[in-house]
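Per TrEMBL, the features are:
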| type | residues | note |
| --- | --- | --- |
| COMPBIAS | 58-80 | compositional bias 'Basic and acidic residues' |
| DISULFID | C14-C44 | disulfide bond |
| DISULFID | C24-C34 | disulfide bond |
| REGION | 55-80 | region 'Disordered' |
Amino acid sequence: MASGFGITGKKGRCYDVWMDFSDCMSHCSMPAECTSKRDDYFECLHHRKEYSRMNAINKEKERQAFGDKNEKPHDSSGHH
């Protein structure tokens with residue numbers, strides 16, 4: 001990733017975020033100053049916060065659609 005090339009040979013999707021983090025680390029007096037840039041870089045790579053948020057939204061949609069009950073609607077496709 002640090003090379004800047006993605007799998008298609010073009011600039012990687014997280015390269016700009018990596019460069020921000022790298023620049024911060026090279027100019028900071030304490031690494032803790034770059035924590036937010038590090039978090040941004042990891043989020044760009046792994047999307048953990050995005051997936052967590054999507055799961056929470058989907059869970060809330062299901063809760064609203066089916067009420068607070070734990071039962072889901074029956075599949076009406078005709079299969080047993």
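For all residues, glycine too, the Cβ spot is worked out from N, Cα and C.
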Under 8 Å by Cβ from C34 (disulfide bond), counting only residues of that chain that are 6 or more apart: F21, C24, M25, C28
DSSP-derived structure type at C44 (disulfide bond), helix or strand or else coil: helix
C14 (disulfide bond) in three-state DSSP notation: coil
